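This report concerns only the one structure given below.
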There are 4 protein chains.
Amino acid sequence: MKRIAVFTSGGDAPGMNACIRAVVRGALYHGVEVYGIRRGYSGMIAGDIFQMNSHSVSNIIQRGGTILKSARSKDFLTSEGRRKAYDQLIGHGIEGLVAIGGNGTFTGALTFFEEFGLPTVGAPGTIDNDLYGTDYTIGFDTAVNTALDAIDRIRDTAGSHDRVFLIEVMGRDAGYIAVQAAIGGGAEMVMVPEVLTPISEVVDTLKEGWKRSKSSSIVIVAEGDDEGSAIQIGEKIKNLIDSEDLDLRVTTLGHIQRGGAPSAYDRILASRLGLGALEGLLAGQKNVMAGIINNELVYTAFEDTIRLPKPINDDLLRMVRILST
Amino acid sequence: MKRIAVFTSGGDAPGMNACIRAVVRGALYHGVEVYGIRRGYSGMIAGDIFQMNSHSVSNIIQRGGTILKSARSKDFLTSEGRRKAYDQLIGHGIEGLVAIGGNGTFTGALTFFEEFGLPTVGAPGTIDNDLYGTDYTIGFDTAVNTALDAIDRIRDTAGSHDRVFLIEVMGRDAGYIAVQAAIGGGAEMVMVPEVLTPISEVVDTLKEGWKRSKSSSIVIVAEGDDEGSAIQIGEKIKNLIDSEDLDLRVTTLGHIQRGGAPSAYDRILASRLGLGALEGLLAGQKNVMAGIINNELVYTAFEDTIRLPKPINDDLLRMVRILST
Amino acid sequence: MKRIAVFTSGGDAPGMNACIRAVVRGALYHGVEVYGIRRGYSGMIAGDIFQMNSHSVSNIIQRGGTILKSARSKDFLTSEGRRKAYDQLIGHGIEGLVAIGGNGTFTGALTFFEEFGLPTVGAPGTIDNDLYGTDYTIGFDTAVNTALDAIDRIRDTAGSHDRVFLIEVMGRDAGYIAVQAAIGGGAEMVMVPEVLTPISEVVDTLKEGWKRSKSSSIVIVAEGDDEGSAIQIGEKIKNLIDSEDLDLRVTTLGHIQRGGAPSAYDRILASRLGLGALEGLLAGQKNVMAGIINNELVYTAFEDTIRLPKPINDDLLRMVRILST
Amino acid sequence: MKRIAVFTSGGDAPGMNACIRAVVRGALYHGVEVYGIRRGYSGMIAGDIFQMNSHSVSNIIQRGGTILKSARSKDFLTSEGRRKAYDQLIGHGIEGLVAIGGNGTFTGALTFFEEFGLPTVGAPGTIDNDLYGTDYTIGFDTAVNTALDAIDRIRDTAGSHDRVFLIEVMGRDAGYIAVQAAIGGGAEMVMVPEVLTPISEVVDTLKEGWKRSKSSSIVIVAEGDDEGSAIQIGEKIKNLIDSEDLDLRVTTLGHIQRGGAPSAYDRILASRLGLGALEGLLAGQKNVMAGIINNELVYTAFEDTIRLPKPINDDLLRMVRILST
């Protein structure tokens, strides 16, 4: 392989730039030319493709977001769109792709390969950590640290006013961010999509805490929880605890969790996975995602990363309960 | 004066602990005994009053929240409640008070003095910076820095996805946090309660930006703006810009703005104001708030801090416009 | 076991408080009484031992340092001292110990067991990550993040002035912090005790960078490197590069790497290891250290953690080279 | 004036980029063309001059360092060098300059004007806050916050081990950073160039603290103190306190104080001063520095900023003493 291209797709995640840098520097190290594609599949179709060198990725390892930008592309869902994308890539002499993104990205790459035979190796870039085939995804550790920094701030107020705070964190259909934020934030409780937690259980936990004269409490709510958003859950709790003394507040952390300088963990993980994806592609891998499992680099077929669920660690859920004793 | 007491009241603000520390250490330095009252007027009535020494305030200058806690007190609104509070203070031999809080706190202190003659000197503790009689209030600088840190994170995503973000910041009826966050965050626009900004103007600004090929935009909305919350304003904008291409997101920063380690500015301001309030009280001041205006310590009558408005600096509003050129 | 005690020993590390909290809350959850010992073996001898409850560890998960304090103890090196320590523990009815620290701590515990039969289970608390029997030690991830934050700041200046910076990081005889800081900080080179790096190689790397028109360079030096401290290495480089144009600066990060709020990773790791050590002790383990290897809780004999080396990952060293291409 | 240029010179300071942005956007707003000069006087001589537009300064307000870079220039000290610089500027049609830097920068600009009549308006960019004509310089607030963050971390360790820490901060011949860091960091003592502090006084303060059972102490040392560096002062203290129990450590914060994202205060100050310098230049000002005194924009002749001393606030020195009571 003489020339490859790299792009980011799906929601941005801290560490994507570190991953791009590893792909580019790795390619140059191995004597391979490397191109960048802006705005994912959308830019592939539009031909927003340019050669990258070592300087292109200088001083970006510490930057959040993605210098290659990201966008949704309706056109890539059509065979016509994919044909245009292929023509653009061939026109630039691209022989293989490194895709940094999530399952949507990999599904597109798989279809693309089936039609045109152009191989892609993926790197898992999403804060949600919901991808089978890797212990952690790029951006997850930073998102948890950002959430914890916010929770630490809110705890100052919770403690000063003896309040109950419901804090909603991101994670789409997965509770990874929520569980880690709950343990690290010293929360009384966590509500995640993977486990059914009836409101009555939340109310019981709060009441038990008051009996042990806990003056303030924090409950972490994953955005995908079955009982609804933190705002909705707050309303339900207020309906069940009919007391003047309940001073309950709700806060939704929102988009701050997607940005910021990547943590040490994410910079190193992103560098390993970017290099791993690139070297896999050069070694002939195709339609697989590079991941780190038990500290070893592994490649998992896109079919499996897309299809297989990634269960949450029961030990961590147990810890939330024990540590709020 | 041989013995004084200090308390915090109203919403907590970063730097309140640094202020408490300055009152306590200052009192000890001047040979005066100092007591702490927990949960503001509520603890005053309940007699939650205890002697403090140098160790009581060790290692708190960097902590958010307030070690003396804060609470609302309905009872203090009644003359009966205030009588109980007075009896408690007299029982502990307290001859004067330092109150850290805002206008609600000072209004209470004024009534209390009129009835019982116990003097209070105040220190302005609120993130909103809406108090006449001081250039800045304790907690304001930290809140702006926290908001900016969040805006920096969101800008990573805005830039990566070419999005428009409406970001709602705190400030109650005042736009101070919003204006400073807008300048410091490089926002295209700011909406504050002090100035009427029709939605049509926001839409025009966004469209002009697109003409100049600005790919992403940030608009800061003060929580007290006349056009409604950021969520409501977002809906109005979507109704006026009927385009698939508008990728507009709304985020409300919320309670994170109240907590966290105080900034350098707030630690020093809080220390100066705590010491200033204490030394004012010892020198015979009463029913005044200590403030810093043009870098000088000044005392302003509670009547004036409560009654007089604090206009926003027009130069700053002009700067938001110029700097988004 | 009805009553146990917990203590910290050796250099403090961020996450020690989260670990103490997990031991205390875990013991209470299992119906076991738990005592704290202040200042490690020194307080054990002095009898600075007190009962802890759930409130004792409230609001400490986010704090750096250790609420139980740490100190060296010459007396514990004598059998007389250890006898006193044993008498104190027996006097308080302590049946087992959880020790949070490093190899010095565990060596003491092993001798203590051999003489008096009181069992200890350890948790690895040190920023250096130099303990066999766990992938990561408590405090390591935070120290790397602190180092990276400092490196990011220095890179601003390096880039603005086209300078070479030698940055010395901690790690005692191990290069773990240095290697991770080098990858995460985008350094051109890393010097670690585990690998001999002659000064001439550093000079060659810098010169090659200049040829590729790299205007600024960062070299990370582990404090235990064979070529000396960063200051000494800087002098050697200046002797070899006789040029006016070389603008080389040296900075030693120092003690900032030991403190600060623990990262998410360290809070969760510390919680797991604290709980793991406690539950191991209750289950009859003795003279072992709890560790996490490949995401599984494991117990390793003190003899092995003390005796066996923990090699550095070659892949990471290779990555520093490739990524500075 | 139809065309102006902007450059940075001297040591870099956080907020320089925000200042550049304000100059550029302000010029465009007023219909004036604006050029950037790279590497200060050095680039002026070399003709490293390029036109800037609104996009040139997008997304830089939060970045430390300076995108225009900075360098020393020996050539500009010669009349020949200055002649070259003038020819370059005239060749580019530049009619006026905005210089962001300190006294060295302004001295150069003054000589340049005397020889060639090209007007310069300055903006004070230095972390040291040692410039007459402005309450605060660009970068000072960020440097103090960075120092405080480091001191907070070190206090964790100081408290955990009952240690004395000497912490050296920057500031060249001025003690501004030291005094603010001492108040904000809760230090026992501060040593600054403006006040003679004999070592015996430091020793007395430490001993008094121990009598009051202060277990740990922090002393802030300004780099320009007459007693020498923190390392030298540490040696002197050890010679005077002949005790095994003295566990004294020294740390020098170093270059981390120059970098990092600027604080809110610095971003707003830099924006005001950049705009103020630009609008002053357009209004016919020359050889003056824009400053903010008592919240008002003022212009001070370069002669005065260079010649006049800026005394330190005695109230702040008094506060360090009182607050360590």
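Every residue, even glycine, has its Cβ placed from backbone N, Cα and C.
Owing to the predicted nature of the structure, the values given are computational and were not obtained by experimental measurement.
TrEMBL annotates B:Arg72, B:Ser73, B:Gly102, B:Asn103, B:Gly104, B:Thr105 as ATP-binding residues; of B:Gly11, B:Gly171, B:Gly175, B:Gly184, the candidate listed for that same site is B:Gly11. According to TrEMBL, B:Arg21, B:Ala22, B:Val23, B:Val24, B:Arg25, B:Gly186, B:Ala187, B:Glu188, B:Arg212, B:Lys214, B:Ser215, B:Ser216 bind ADP; the candidate from B:Arg153, B:Arg155, B:Arg249 that the record adds to this site is B:Arg155. Together with B:Thr126, B:Ile127, B:Asp128, B:Arg163, B:Met170, B:Gly171, B:Arg172, B:Arg249, B:His255, B:Ile256, B:Gln257, B:Arg258, TrEMBL lists one candidate of B:Glu201, B:Glu223, B:Glu227 for binding substrate, that being B:Glu223. Of the binding-site residues B:Val23, B:Met170, B:Ile256, B:Val23 has the largest number of other Cβ atoms within 10 Å of its own Cβ. With respect to their backbone Cα atoms, B:Thr126 (substrate binding site) and B:Gly102 (ATP binding site) stand 6 Å from each other. Sequence-distant contacts (6 or more apart, same chain, Cβ under 8 Å) of B:Ser216 (ADP binding site) comprise B:Arg155, B:Ala158, B:Gly159, B:His161, B:Asp162, B:Arg163, B:Val164, B:Phe165. Taking Cβ-Cβ distances under 8 Å and a sequence gap of 6 or more within the same chain, the neighbours of B:Ser73 (ATP binding site) are B:Arg39, B:Gly40, B:Tyr41, B:Ser42, B:Met44, B:Ile45, B:Gly81. Spatially, by CA atoms, the binding-site residues B:Val23, B:Gly102, B:Lys214 include one closest to B:Arg172 (substrate binding site), and that is B:Gly102.
Closest in space to B:Gly11 (ATP binding site), of the binding-site residues given as B:Arg25, B:Asp128, B:Glu188, B:Ile256, is B:Asp128, taking the CA atom of each residue. Secondary structure at B:Arg72 (ATP binding site), as computed by DSSP, is coil. According to DSSP, B:Gly186 (ADP binding site) sits in a coil region rather than a helix or strand. B:Met170 (substrate binding site) is 27 Å away from B:Arg21 (ADP binding site) when you measure Cα to Cα.
Taking the Cα atom of each, B:Asp128 (substrate binding site) and B:Arg72 (ATP binding site) are about 18 angstrom apart. Per the record's binding annotation for ATP, residues B:Gly11, B:Arg72, B:Ser73, B:Gly102, B:Asn103, B:Gly104, B:Thr105 show a top Cα-Cα distance of 15 Å. Cα of B:Arg25 (ADP binding site) to Cα of B:Arg72 (ATP binding site): a span of 27 Å. Less than 8 angstroms from a Cβ of chain A: among the binding-site residues B:Val23, B:Ser73, B:Gly104, B:Thr105, that describes none of them.
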